[in-house]
Amino acid sequence: MSLETTLPGATPTPPKVSSIRALIARMVANPLGGVIGAMILIFGISCLLSPHFLTSFNMIIIARALAFIGLVTIGQAVLMILGELDLSVGAIGGLAGVVGGMLMVQVGLNPWLSLALCLLMGAGCGLLNGLLITQLRLHSLVLTIGMAGVYGGANLVATRGVAITGVPHEISFLGRGLVLGVPVPFLVLLVCLTVVAFVMMRTPVGRYIYAIGSNPQAARMLGIRVNAIRMGAFALAGFLSALAGILMVARLGTAQPSIGDTWVLSPIAAAVIGGVATTGGLGSPVGAVLGAVIIGIIEDIIVLFGISPYWQSVVSGGIVVLAISLDSLARHYLNRDAS
Amino acid sequence: MKKALFLGAVLAVTPLAAQAADTSTPLRFVLIPKVVHPWFDKLNTGARAAADMITKTTGQKIEIEYRAPQTADVSSQNDIIERAIATHPDGLILDLLDEKGNRATMDEAIEQKIPMTVFDSLPPEGMNITAVGADFCEQGTIAAERLATLIGKKGEVAIMMGVPTAPNHTLRAECEKKVFAKYPDIKVVATGIDNDSIETGQKQASAIMQAHPNLVGWVACDASGPVGIGQAIRESGKAGKVQEVGLDNLNDMLQLIRDGVAESTASSRPEMQGYWAVVSAWQSAMGQKTPKYIDTGIDVITKKNL
């Protein structure tokens with residue numbers, strides 16, 4: 001696979017087909033077409049079926065919930081494009097949250113300094129993962145399962161399972177605040193996404209990440225510092241997870257030991273829905289976050305529609321499988337037509 | 001006594017409330033427990049019984065929407081509460097995972113003027129909200145005292161903690177430890193963590209009994225753990241030699257008592273908590289003042305009163 005065809009901006013020429021099919025073809029040919037189409041469809045259906053869906057209050061809820069999972073998704077997507085996976089991102093987020101709470105409440109450190117230290121700690125945890133994976137030549141999936149236990153265990157040792165309360169009010173606007181009606185965590189997500197998307201699409205580092213994900217041996221032969229980039233990507237994932245953890249502490253007003261428990265599988269699912277290949281070299285962080293938007297809308301409508309809790313996983317899982325299948329089928333259909 | 005007074009007050013205001021309200025429009029209450037769990041299913045049954053009672057008595061239709069988080073995580077629960085607020089229900093009935101962590105979301109419900117009732121937990125400090133439930137510490141104390149009596153106030157015992165991050169589980173464990181500390185000949189030799197899972201409870205209990213062959217008794221801190229303990233006791237052939245006093249009234253727990261594996265269980269009354277939570281929510285929706293706390297009490301269930 002050539003490097004150009006894997007980049008998000010590089011679209012192959014759409015096949016010549018009839019008018020409606022041409023529109024679909026253009027959508028499908030765009031790397032983000034499938035996920036945008038699915039998102040518009042699910043959004044439209046939700047608007048039609050629930051009068052409570054398209055309200056400013058509900059949009060704020062969706063945006064805020066998206067912010068936390070979206071940040072973790074960006075880091076996980078970069079790793080997946082690189083051909084790696086980090087299953088300890090949730091544990092890093094949780095650990096960063098409780099360490100932040102302890103620094104602010106028990107040590108009495110300045111809240112902003114505490115936040116900065118937590119972000120550094122998160123990046124450090126990610127870097128440690130990367131270091132162990134590259135230097136000991138371990139599989140990232142296996143190593144990070146173990147490290148999730150280490151970070152999660154450290155969280156329980158530090159807190160004894162009890163939430164840290166009394167987090168200073170100075171930081172609460174980071175989790176609860178609104179700027180022009182937009183939740184602050186969502187703005188943080190947009191800033192992070194813009195920066196990471198820019199790096200991925202417009203800088204040599206981004207191209208190297210796609211190259212490594214497509215063929216690490218070839219990338220190494222081209223002189224790309226594969227291990228340094230892999231470690232950097234793990235550090236980025238740790239940093240973004242810690243940021244999500246700290247924002248969640250600001251949102252809740254307490255440092256809960258359970259923060260991050262649900263941040264393991266959803267970001268991977270979001271990235272896959274958004275077109276990131278589990279084998280590496282394909283996709284983009286923007287697509288992954290759009291995948292997270294789809295999951296967020298599904299989670300929202302499940303509650304708005306009052307679907308039984310016992311059916312929730314079946315419904316949300318089914319919609320995700322349907323979205324991925326439709327995208328795959330459309331691509332298969334058009335490829336067959338073109339050949 | 002408190003309940004009798006409350007019931008009297010409810011019945012006294014019911015005709016007035018029923019007259020004042022438009023009974024053709026159903027009142028919609030959203031019931032949000034801590035997590036998907038059979039204990040909360042029993043509570044949901046009680047809630048629906050209360051809804052039926054109100055409809056039959058007053059003609060006012062009541063809809064109960066049961067929305068349980070898939071995991072016992074505060075942020076997941078807050079997401080569900082917020083989404084429920086977006087639908088503007090007539091009341092929210094909540095089992096708070098952590099009153100401080102839930103506070104910001106509850107403030108949003110207050111801003112939207114949605115009445116709230118909490119059950120099996122206490123409201124955040126300063127919030128004037130009715131709480132329905134039983135005393136967790138009392139429940140743990142009853143179980144531990146009963147076990148102490150069963151084993152003749154001497155020997156090695158173990159405590160199966162529930163979810164280490166759940167405040168009610170932690171509180172029960174602390175109160176159980178305090179009871180055992182009163183008796184110098186009782187030694188707590190192990191504490192397991194079952195994460196409110198029967199399977200985990202069984203594994204932990206089996207391992208602990210292997211490591212401590214002189215163990216004579218078990219207490220637990222949640223509803224699933226004691227079922228796992230009972231299964232481990234049965235598998236190891238130690239029924240009768242190792243005593244168990246369980247917690248709550250899951251069907252599996254009751255079967256273990258019937259089979260003579262567990263001696264008894266100190267059970268909160270989930271159906272009653274659901275019932276009175278709906279009665280309280282209904283009264284709040286009608287604009288009536290409700291009590292600060294409704295204590296639904298604790299049952300000690302044995303083979304005799306099953």
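Here the Cβ of each residue, glycine as well, is placed from N, Cα and C on the backbone.
The transmembrane segment feature in TrEMBL is assigned to A:28-49, A:61-81, A:87-105, A:112-132, A:138-158, A:178-201, A:228-250, A:262-282.
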Within-chain partners of the transmembrane segment (A:178-201) [C-beta distance under 8 Å, separation at least 6 from its ends]: 7-9, 56, 60, 63-64, 66-68, 70-71, 74, 78, 81, 209-210, 236, 240, 243, 247, 251, 284-286, 289
Range from A:28-49, A:61-81, A:87-105, A:112-132, A:138-158 with the greatest count of C-beta pairs under 8 A to the transmembrane segment (A:262-282): A:61-81
Feature contact check the transmembrane segment (A:112-132) with the transmembrane segment (A:138-158), CB under 8 Å, 3 or more pairs: yes
Chain residues outside the transmembrane segment (A:228-250) and at least six past its termini with a C-beta under 8 angstroms from it: 67-69, 71-72, 74-76, 78-79, 82, 84, 86, 89-90, 92-97, 100-101, 115, 118-119, 121-127, 129-131, 133-134, 167, 171-176, 185, 188, 192, 196, 205, 208-209, 212, 256, 259-260, 263
